Amino acid sequence: MTNLRKSHPILKIINSSLVDLPVPVSISSWWNFGSLLMACLAVQILTGLFLAMHYTSDTATAFNSVTHICRDVNYGWIIRYLHANGASMFFICLYLHIGRGLYYGSYLYSETWNIGILLLFATMATAFMGYVLPWGQMSFWGATVITNLLSAIPYVGTDLVQWIWGGFSVDKATLTRFFAFHFLLPFIIAALAMVHLLFLHETGSNNPTGIPSDTDMIPFHPYHTIKDILGLMLMLSVLSALVLFSPDLLGDPDNYTPANPLNTPPHIKPEWYFLFAYAILRSIPNKLGGVLALVLSILVLAVIPFLHTSKQRSMMFRPLSQCLFWILTSDLLILTWIGGQPVEHPYIIIGQVASIMYFTIILIIMPLTSLLENHLLKW
(Lines of atoms letter the chains of each structure in order from A; the text may use other names.)
(Lines give C-alpha, C1' and ligand atoms only; values in the text may rest on other atoms or scores of the structure.)
Protein backbone atom coordinates (compact mmCIF):
# COMPACT_ATOMS: atom_id res chain seq x y z
CA MET A 1 0.00 0.00 0.00
CA THR A 2 1.30 3.48 -0.92
CA ASN A 3 2.12 5.96 1.77
CA LEU A 4 -0.83 8.26 2.57
CA ARG A 5 1.27 11.39 1.98
CA LYS A 6 1.91 10.16 -1.58
CA SER A 7 -1.66 9.14 -2.42
CA HIS A 8 -3.92 11.67 -0.63
CA PRO A 9 -5.00 14.45 -3.10
CA ILE A 10 -3.99 17.32 -0.77
CA LEU A 11 -1.15 15.68 1.15
CA LYS A 12 0.64 14.66 -2.05
CA ILE A 13 0.85 18.34 -3.12
CA ILE A 14 2.37 19.23 0.27
CA ASN A 15 4.61 16.15 0.04
CA SER A 16 5.95 17.12 -3.39
CA SER A 17 6.62 20.69 -2.16
CA LEU A 18 8.01 20.13 1.35
CA VAL A 19 8.98 16.48 1.89
CA ASP A 20 10.08 14.61 -1.24
CA LEU A 21 11.08 17.72 -3.19
CA PRO A 22 14.47 17.09 -4.89
CA VAL A 23 16.88 19.86 -3.84
CA PRO A 24 20.49 20.44 -5.00
CA VAL A 25 22.93 19.01 -2.46
CA SER A 26 25.17 22.10 -2.56
CA ILE A 27 22.72 24.85 -1.61
CA SER A 28 23.87 26.93 1.35
CA SER A 29 22.14 28.81 4.16
CA TRP A 30 21.45 31.66 1.69
CA TRP A 31 18.57 29.46 0.48
CA ASN A 32 16.91 29.59 3.93
CA PHE A 33 15.28 32.96 3.39
CA GLY A 34 12.28 31.69 1.41
CA SER A 35 11.08 29.63 4.37
CA LEU A 36 11.98 32.47 6.79
CA LEU A 37 9.81 34.85 4.76
CA MET A 38 6.87 32.43 5.00
CA ALA A 39 7.47 32.25 8.78
CA CYS A 40 7.55 36.08 8.96
CA LEU A 41 4.30 36.28 6.99
CA ALA A 42 2.66 33.77 9.34
CA VAL A 43 3.81 35.80 12.40
CA GLN A 44 2.54 39.03 10.81
CA ILE A 45 -0.88 37.59 9.91
CA LEU A 46 -1.37 36.07 13.38
CA THR A 47 -0.23 39.12 15.37
CA GLY A 48 -2.12 41.41 12.98
CA LEU A 49 -5.31 39.43 13.48
CA PHE A 50 -5.12 39.86 17.26
CA LEU A 51 -4.30 43.56 16.92
CA ALA A 52 -7.26 44.06 14.57
CA MET A 53 -9.56 42.69 17.30
CA HIS A 54 -8.75 45.73 19.48
CA TYR A 55 -7.88 48.42 16.92
CA THR A 56 -10.37 51.05 15.73
CA SER A 57 -9.80 52.70 12.34
CA ASP A 58 -11.20 56.09 13.27
CA THR A 59 -9.10 59.26 13.44
CA ALA A 60 -10.59 60.15 16.84
CA THR A 61 -9.79 56.81 18.50
CA ALA A 62 -7.02 55.09 16.44
CA PHE A 63 -4.09 56.45 18.51
CA ASN A 64 -5.89 55.70 21.79
CA SER A 65 -6.80 52.18 20.66
CA VAL A 66 -3.10 51.40 20.05
CA THR A 67 -2.28 52.81 23.51
CA HIS A 68 -5.11 50.68 24.94
CA ILE A 69 -3.63 47.55 23.27
CA CYS A 70 -0.24 48.23 24.88
CA ARG A 71 -1.55 49.13 28.34
CA ASP A 72 -4.79 47.23 28.97
CA VAL A 73 -4.90 44.15 26.72
CA ASN A 74 -3.24 41.00 28.13
CA TYR A 75 0.15 40.72 26.41
CA GLY A 76 -1.02 43.42 23.98
CA TRP A 77 2.36 45.16 24.16
CA ILE A 78 4.21 42.03 23.00
CA ILE A 79 1.74 41.43 20.16
CA ARG A 80 2.07 45.04 19.00
CA TYR A 81 5.89 45.01 19.14
CA LEU A 82 6.11 41.57 17.50
CA HIS A 83 4.03 42.98 14.65
CA ALA A 84 6.06 46.20 14.33
CA ASN A 85 9.49 44.53 14.58
CA GLY A 86 8.28 41.49 12.63
CA ALA A 87 7.92 43.86 9.66
CA SER A 88 11.59 44.83 10.05
CA MET A 89 12.62 41.15 10.13
CA PHE A 90 10.41 40.58 7.08
CA PHE A 91 12.27 43.25 5.10
CA ILE A 92 15.71 42.10 6.31
CA CYS A 93 14.91 38.58 5.04
CA LEU A 94 13.38 40.02 1.85
CA TYR A 95 16.44 42.11 0.96
CA LEU A 96 18.83 39.22 1.75
CA HIS A 97 16.65 36.91 -0.40
CA ILE A 98 16.83 39.37 -3.34
CA GLY A 99 20.58 39.83 -2.79
CA ARG A 100 21.10 36.06 -2.93
CA GLY A 101 19.06 35.94 -6.16
CA LEU A 102 21.28 38.63 -7.70
CA TYR A 103 24.55 37.07 -6.53
CA TYR A 104 23.83 33.51 -7.67
CA GLY A 105 21.94 34.34 -10.88
CA SER A 106 18.56 33.02 -9.69
CA TYR A 107 16.91 35.85 -11.67
CA LEU A 108 17.29 33.73 -14.82
CA TYR A 109 14.19 31.84 -13.66
CA SER A 110 12.25 34.82 -15.04
CA GLU A 111 8.71 33.80 -13.99
CA THR A 112 9.77 33.18 -10.39
CA TRP A 113 11.78 36.43 -10.39
CA ASN A 114 8.90 38.54 -11.77
CA ILE A 115 6.41 37.12 -9.25
CA GLY A 116 9.04 37.97 -6.61
CA ILE A 117 9.09 41.62 -7.79
CA LEU A 118 5.28 41.70 -7.52
CA LEU A 119 5.61 40.28 -4.00
CA LEU A 120 8.11 43.02 -3.12
CA PHE A 121 5.73 45.76 -4.32
CA ALA A 122 2.79 44.18 -2.44
CA THR A 123 4.87 43.90 0.76
CA MET A 124 6.03 47.52 0.49
CA ALA A 125 2.43 48.71 -0.02
CA THR A 126 1.28 46.68 3.00
CA ALA A 127 4.07 48.03 5.22
CA PHE A 128 3.38 51.62 4.16
CA MET A 129 -0.33 51.33 4.95
CA GLY A 130 0.43 49.61 8.26
CA TYR A 131 2.69 52.51 9.26
CA VAL A 132 -0.26 54.90 8.87
CA LEU A 133 -2.59 52.98 11.20
CA PRO A 134 -1.26 54.04 14.67
CA TRP A 135 -2.16 57.63 13.63
CA GLY A 136 0.88 59.27 15.17
CA GLN A 137 2.62 62.33 13.73
CA MET A 138 4.88 60.33 11.39
CA SER A 139 1.93 58.13 10.33
CA PHE A 140 -0.14 61.15 9.29
CA TRP A 141 2.64 63.12 7.60
CA GLY A 142 4.17 60.03 5.98
CA ALA A 143 0.76 59.21 4.48
CA THR A 144 0.33 62.82 3.31
CA VAL A 145 3.78 63.07 1.68
CA ILE A 146 3.84 59.65 0.00
CA THR A 147 0.26 59.74 -1.36
CA ASN A 148 0.90 63.31 -2.56
CA LEU A 149 3.63 61.97 -4.86
CA LEU A 150 0.90 60.63 -7.13
CA SER A 151 -0.11 64.21 -7.91
CA ALA A 152 3.04 64.34 -10.08
CA ILE A 153 1.25 62.14 -12.66
CA PRO A 154 0.19 64.45 -15.53
CA TYR A 155 -3.54 65.25 -16.04
CA VAL A 156 -5.00 62.73 -13.56
CA GLY A 157 -2.59 63.18 -10.62
CA THR A 158 -4.62 65.57 -8.43
CA ASP A 159 -7.88 63.67 -8.98
CA LEU A 160 -6.12 60.38 -8.23
CA VAL A 161 -4.71 61.68 -4.92
CA GLN A 162 -8.14 62.98 -3.80
CA TRP A 163 -9.70 59.67 -4.84
CA ILE A 164 -7.18 57.75 -2.68
CA TRP A 165 -7.67 60.16 0.23
CA GLY A 166 -11.47 60.01 -0.04
CA GLY A 167 -11.53 63.79 0.45
CA PHE A 168 -9.30 66.84 0.23
CA SER A 169 -6.78 65.68 2.84
CA VAL A 170 -5.65 62.56 4.70
CA ASP A 171 -8.55 61.97 7.09
CA LYS A 172 -11.02 59.39 8.46
CA ALA A 173 -11.84 57.93 5.02
CA THR A 174 -8.13 57.45 4.26
CA LEU A 175 -7.45 55.70 7.56
CA THR A 176 -10.44 53.35 7.16
CA ARG A 177 -9.50 52.28 3.64
CA PHE A 178 -5.83 51.87 4.58
CA PHE A 179 -6.87 49.55 7.42
CA ALA A 180 -9.08 47.53 5.03
CA PHE A 181 -6.26 47.13 2.48
CA HIS A 182 -3.64 46.48 5.17
CA PHE A 183 -5.78 43.58 6.40
CA LEU A 184 -6.42 42.22 2.89
CA LEU A 185 -2.97 42.46 1.29
CA PRO A 186 -1.11 39.86 3.43
CA PHE A 187 -3.53 37.20 2.16
CA ILE A 188 -2.84 38.32 -1.42
CA ILE A 189 0.90 38.12 -0.58
CA ALA A 190 0.37 34.54 0.70
CA ALA A 191 -1.41 33.61 -2.56
CA LEU A 192 1.37 35.21 -4.65
CA ALA A 193 3.96 33.32 -2.57
CA MET A 194 2.22 30.05 -3.53
CA VAL A 195 2.47 31.03 -7.22
CA HIS A 196 6.13 32.00 -6.64
CA LEU A 197 6.75 28.53 -5.19
CA LEU A 198 4.79 26.85 -8.02
CA PHE A 199 7.03 28.44 -10.67
CA LEU A 200 10.16 27.65 -8.63
CA HIS A 201 9.22 23.97 -8.40
CA GLU A 202 8.71 23.86 -12.19
CA THR A 203 12.43 24.53 -12.68
CA GLY A 204 13.89 23.37 -9.37
CA SER A 205 16.22 25.43 -7.18
CA ASN A 206 19.38 27.09 -8.42
CA ASN A 207 22.61 26.39 -6.48
CA PRO A 208 25.76 28.39 -5.56
CA THR A 209 27.75 27.13 -8.56
CA GLY A 210 25.03 28.06 -11.07
CA ILE A 211 25.60 24.70 -12.80
CA PRO A 212 22.56 22.39 -13.40
CA SER A 213 22.46 19.86 -10.55
CA ASP A 214 19.86 17.38 -11.85
CA THR A 215 22.23 14.49 -11.16
CA ASP A 216 23.01 15.50 -7.57
CA MET A 217 19.79 15.96 -5.59
CA ILE A 218 18.66 15.11 -2.06
CA PRO A 219 15.13 15.15 -0.58
CA PHE A 220 14.03 18.36 1.14
CA HIS A 221 13.09 16.45 4.31
CA PRO A 222 14.98 15.81 6.60
CA TYR A 223 18.12 17.56 5.28
CA HIS A 224 16.82 21.01 4.44
CA THR A 225 14.01 21.06 6.98
CA ILE A 226 16.65 20.80 9.74
CA LYS A 227 18.72 23.55 8.10
CA ASP A 228 15.63 25.78 7.73
CA ILE A 229 14.59 25.18 11.36
CA LEU A 230 18.05 26.32 12.49
CA GLY A 231 17.62 29.54 10.46
CA LEU A 232 14.13 29.99 11.89
CA MET A 233 15.42 29.61 15.47
CA LEU A 234 18.14 32.21 14.84
CA MET A 235 15.65 34.65 13.31
CA LEU A 236 13.17 34.19 16.17
CA SER A 237 16.01 34.74 18.66
CA VAL A 238 16.90 38.07 17.00
CA LEU A 239 13.22 39.08 16.82
CA SER A 240 12.66 38.15 20.49
CA ALA A 241 15.74 40.11 21.58
CA LEU A 242 14.54 43.13 19.60
CA VAL A 243 10.99 42.95 20.99
CA LEU A 244 11.97 42.31 24.62
CA PHE A 245 15.06 44.53 24.99
CA SER A 246 14.64 47.50 22.64
CA PRO A 247 11.24 47.39 20.91
CA ASP A 248 11.42 51.04 19.78
CA LEU A 249 14.95 50.83 18.35
CA LEU A 250 13.77 50.87 14.72
CA GLY A 251 10.72 53.10 15.23
CA ASP A 252 10.36 56.87 15.18
CA PRO A 253 9.78 58.78 18.46
CA ASP A 254 7.49 61.22 16.58
CA ASN A 255 4.94 58.42 16.22
CA TYR A 256 4.27 58.57 19.97
CA THR A 257 2.73 62.01 19.42
CA PRO A 258 -0.91 61.91 18.18
CA ALA A 259 -1.38 63.09 14.57
CA ASN A 260 -1.74 66.86 14.28
CA PRO A 261 -2.41 68.33 10.80
CA LEU A 262 -1.41 71.81 12.09
CA ASN A 263 2.09 70.81 13.25
CA THR A 264 4.63 69.41 10.76
CA PRO A 265 7.48 67.27 12.20
CA PRO A 266 10.95 68.76 11.52
CA HIS A 267 11.99 65.75 9.45
CA ILE A 268 9.43 63.51 7.74
CA LYS A 269 10.85 60.08 6.94
CA PRO A 270 9.48 56.55 6.38
CA GLU A 271 10.51 53.37 8.20
CA TRP A 272 14.18 52.36 7.82
CA TYR A 273 13.45 49.73 5.14
CA PHE A 274 12.20 52.39 2.70
CA LEU A 275 14.97 54.93 3.33
CA PHE A 276 17.10 53.87 0.31
CA ALA A 277 14.17 54.51 -2.07
CA TYR A 278 13.28 57.73 -0.20
CA ALA A 279 16.88 58.96 -0.64
CA ILE A 280 16.65 58.29 -4.41
CA LEU A 281 13.31 60.17 -4.52
CA ARG A 282 14.79 63.19 -2.72
CA SER A 283 17.98 63.28 -4.77
CA ILE A 284 16.10 64.53 -7.86
CA PRO A 285 14.95 68.18 -7.59
CA ASN A 286 11.99 67.59 -9.94
CA LYS A 287 8.79 66.05 -8.46
CA LEU A 288 7.84 63.82 -11.43
CA GLY A 289 11.49 62.83 -11.96
CA GLY A 290 11.78 61.88 -8.29
CA VAL A 291 8.64 59.73 -8.42
CA LEU A 292 9.88 57.96 -11.57
CA ALA A 293 13.28 57.33 -9.95
CA LEU A 294 11.53 55.98 -6.83
CA VAL A 295 9.49 53.46 -8.87
CA LEU A 296 12.44 52.57 -11.11
CA SER A 297 14.68 51.90 -8.08
CA ILE A 298 12.57 48.76 -7.51
CA LEU A 299 11.42 48.14 -11.10
CA VAL A 300 15.06 48.03 -12.26
CA LEU A 301 15.10 44.47 -10.85
CA ALA A 302 12.80 43.43 -13.72
CA VAL A 303 15.43 44.26 -16.39
CA ILE A 304 18.30 42.42 -14.66
CA PRO A 305 17.60 39.07 -16.46
CA PHE A 306 17.94 40.90 -19.81
CA LEU A 307 21.27 42.44 -18.76
CA HIS A 308 22.90 39.10 -17.91
CA THR A 309 25.82 39.02 -20.36
CA SER A 310 28.07 36.54 -18.53
CA LYS A 311 28.63 32.99 -19.78
CA GLN A 312 28.45 31.87 -16.14
CA ARG A 313 25.23 32.04 -14.17
CA SER A 314 26.53 32.58 -10.64
CA MET A 315 29.04 35.16 -9.37
CA MET A 316 30.81 32.42 -7.41
CA PHE A 317 33.75 32.29 -9.86
CA ARG A 318 33.60 35.92 -11.07
CA PRO A 319 35.73 38.11 -8.75
CA LEU A 320 35.17 41.38 -10.66
CA SER A 321 31.38 40.98 -10.52
CA GLN A 322 31.67 40.06 -6.84
CA CYS A 323 33.47 43.36 -6.14
CA LEU A 324 30.73 45.25 -7.99
CA PHE A 325 28.01 43.40 -6.09
CA TRP A 326 29.50 44.44 -2.74
CA ILE A 327 30.00 48.03 -3.97
CA LEU A 328 26.28 48.03 -4.87
CA THR A 329 25.45 46.69 -1.39
CA SER A 330 27.55 49.47 0.21
CA ASP A 331 25.83 52.01 -2.04
CA LEU A 332 22.41 50.84 -0.81
CA LEU A 333 23.58 51.16 2.81
CA ILE A 334 24.78 54.72 2.09
CA LEU A 335 21.38 55.54 0.51
CA THR A 336 19.63 54.12 3.60
CA TRP A 337 21.76 56.37 5.83
CA ILE A 338 21.14 59.44 3.62
CA GLY A 339 17.36 58.82 3.61
CA GLY A 340 17.34 59.32 7.38
CA GLN A 341 19.34 62.58 7.29
CA PRO A 342 17.96 66.13 6.86
CA VAL A 343 18.02 67.76 3.40
CA GLU A 344 21.18 69.86 3.76
CA HIS A 345 24.82 69.94 2.64
CA PRO A 346 26.69 67.52 2.39
CA TYR A 347 23.87 64.94 2.53
CA ILE A 348 22.22 66.21 -0.68
CA ILE A 349 25.28 65.66 -2.89
CA ILE A 350 26.11 62.29 -1.24
CA GLY A 351 22.52 61.15 -1.96
CA GLN A 352 22.72 62.30 -5.58
CA VAL A 353 26.06 60.56 -6.21
CA ALA A 354 24.84 57.36 -4.49
CA SER A 355 21.60 57.39 -6.57
CA ILE A 356 23.52 57.79 -9.85
CA MET A 357 25.92 55.02 -8.75
CA TYR A 358 22.99 52.69 -7.95
CA PHE A 359 21.50 52.87 -11.46
CA THR A 360 24.90 53.01 -13.23
CA ILE A 361 26.22 49.87 -11.52
CA ILE A 362 23.09 47.83 -12.28
CA LEU A 363 22.37 49.06 -15.83
CA ILE A 364 25.84 49.72 -17.27
CA ILE A 365 28.86 48.62 -15.22
CA MET A 366 27.69 45.09 -14.28
CA PRO A 367 26.83 43.95 -17.86
CA LEU A 368 30.13 45.41 -19.18
CA THR A 369 32.12 43.73 -16.39
CA SER A 370 30.48 40.39 -17.26
CA LEU A 371 31.57 40.82 -20.90
CA LEU A 372 35.11 41.64 -19.73
CA GLU A 373 35.15 38.48 -17.58
CA ASN A 374 34.03 36.41 -20.58
CA HIS A 375 36.92 37.89 -22.58
CA LEU A 376 39.45 37.27 -19.77
CA LEU A 377 38.33 33.62 -19.61
CA LYS A 378 38.60 33.40 -23.44
CA TRP A 379 34.91 32.49 -23.82
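Using N, Cα and C of the backbone, Cβ positions are placed for all residues, glycine too.
Annotation comment: Swiss-Prot describes H83, H182 as heme b b562 binding site. Under the heading heme b b566 binding site, Swiss-Prot lists H97, H196, citing similarity to another entry as support. The ubiquinone binding site feature in Swiss-Prot is assigned to H201; the stated evidence is similarity to another entry. Per Swiss-Prot, the feature transmembrane segment maps to 33-53, 77-98, 113-133, 178-198, 226-246, 288-308, 320-340, 347-367.
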Which bits of the chain, at least 6 residues beyond where the transmembrane segment (178-198) starts or stops, bring a Cβ under 8 A of a Cβ in it?
17, 34, 37-38, 41, 44-45, 48, 52, 55, 57, 112, 115-116, 118-119, 122-123, 125-126, 129-130, 132-133, 143
In the same chain, who gets a Cβ under 8 Å from the transmembrane segment (226-246) while lying at least 6 residues past its ends?
29, 32-33, 35-36, 39-40, 43, 78, 81-82, 85-86, 88-89, 93
Would you confirm whether the transmembrane segment (320-340) and the transmembrane segment (347-367) meet the contact rule of 3 or more C-beta pairs below 8 angstroms, pairs 6 or more apart in sequence?
yes
What parts of the chain pack near the transmembrane segment (33-53), using Cβ distances under 8 Å and only residues at least 6 beyond its ends?
69, 79-80, 82-83, 86-87, 89-90, 93-94, 96-97, 100, 182-183, 186-187, 189-190, 193, 197, 228, 231-232, 235, 239
Out of the binding-site residues H83, H182, H201, give me the one sitting nearest to H97 (heme b b566 binding site) by CA distance.
H201
Among the binding-site residues H83, H97, H182, H196, H201, whose Cβ has the fewest other Cβ atoms within 10 Å?
H201
